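Undergrad: My structure is below; once you've seen it, I'll send some questions.
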């Protein structure tokens, strides 16, 4: 390895600092825009140069001292070394640059990134890895588990459970366990989900229950949900509306900013009267419940069986909502064959974005407006490129900081058919 003096120009997707060496890009974890440092540069891997800060020469004004003792090893946070206002600006740039560079959208209205009401203690749901008695996040850019007793991003209830769980498995390792999910709901109840190969034996469950102060626990073995004790479902509230969430259903971890996310999605809908709308990746029905108040007929599509069942429960009083428990691709195919012509399609896909088939079928359906909720600017921009090629224009874009101190960006974008 060689050491070079490099200046960090900006932060790019993933939270890495970007510098240049002889015209080539060098990605530097924990760099800050404006840093001038001696960088130890490793040989190129897959055409990319990676660097490590060896000595700081001149620190950037945006740089702050990280407050977590695990920062730099733990892979949970990537930009804790940046002031919070600068984190928001970086996330705004992530979205803008992805739309410009990947989608080719060069003309867009100026936008800012909405801040989280809390910068710590905001995560009410978390998934940890488990390996040989250690519970925690992976270390940065590896699959080594760094053991944690607490995390500043988590609620107090989750941190208590994490400490108790870590103490238990250090004495009684659980064979076949790969991940644990801990959720604290609106009623301050903590529910534990274990991802296992086989269900724990009865004597282990009994000892386990005595060691943990939680409202309930379930095991997930493949597609099977095995109740261990107590509650299975968590309860959450958004703007006075209540939602049941099962152990195998997705729900936003930052419930403090979730109302703002819903508000931005509803605000993006350009028409006040909509006869027919389709929602893809509807989850447990959060957006569906609010959207049902704006449309005459809504088809909510969700392939995950647990989430579809939760959505049916949460939307039971909404007679104008039909739930389709199938994949987005199958739903679009079926609806197109039926001649469905929705005016609006709202979608909230996973990080991978839309599949090629889903993009093609959605463009074939040709709704007047597509409201796209994304957790990855790169896949959003890839899909946006196809929308633009298919005759849509970007109307609005709004990033939100659902995960302070990380490089993750949530956004709401509206595309309108020209």
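Just so you know, glycine gets a Cβ as well, placed from its N, Cα and C.
Automatic, uncurated: that is what TrEMBL annotation is.
Below are the features I grabbed from TrEMBL:
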DOMAIN    1-55  domain 'TRAM'
BINDING   252, 281, 302, 348  S-adenosyl-L-methionine binding site
ACT_SITE  375  active site, nucleophile
ACT_SITE  375  active site
Undergrad: Among the binding-site residues listed here, 302, 348, which has the most company in the form of other Cβ atoms within 10 Å of its Cβ?
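TA: By the 10 Å Cβ neighbour count, 302 comes out on top.
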Undergrad: Mind tallying the domain 'TRAM' (1-55) by DSSP state, helix then strand then coil?
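TA: For the domain 'TRAM' (1-55), the helix, strand and coil counts are 0 helix, 35 strand, 20 coil.
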Undergrad: For residue 252 (S-adenosyl-L-methionine binding site), just give me the three-state DSSP call.
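TA: For residue 252 (S-adenosyl-L-methionine binding site) - judged by DSSP and reduced to three states - the answer is coil.
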Undergrad: Would you mind giving the whole-number mean pLDDT across the domain 'TRAM' (1-55)?
TA: 94
Undergrad: Using a Cβ-Cβ cut-off under 8 angstroms and a sequence gap of six or more, which residues of the chain neighbour residue 375 (active site, nucleophile)?
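TA: Within the chain, residue 375 (active site, nucleophile) has Cβ neighbours under 8 Å at 350, 351, 402, 408, 409, 410.
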Undergrad: Would you list, in sequence order, the residues of this chain other than 252, 281, 302, 348 that have their CB within 8 A of the centroid of the site's CB atoms, where the site is the one recorded for S-adenosyl-L-methionine?
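TA: Apart from the listed residues, the neighbours are 250, 282, 283, 284, 286, 287, 307, 349, 373.
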Undergrad: Name the residues of the same chain, 6+ apart in sequence, whose Cβ is under 8 Å from the Cβ of residue 281 (S-adenosyl-L-methionine binding site)?
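TA: Listed in sequence order: 301, 302, 328, 347, 348, 349, 350.
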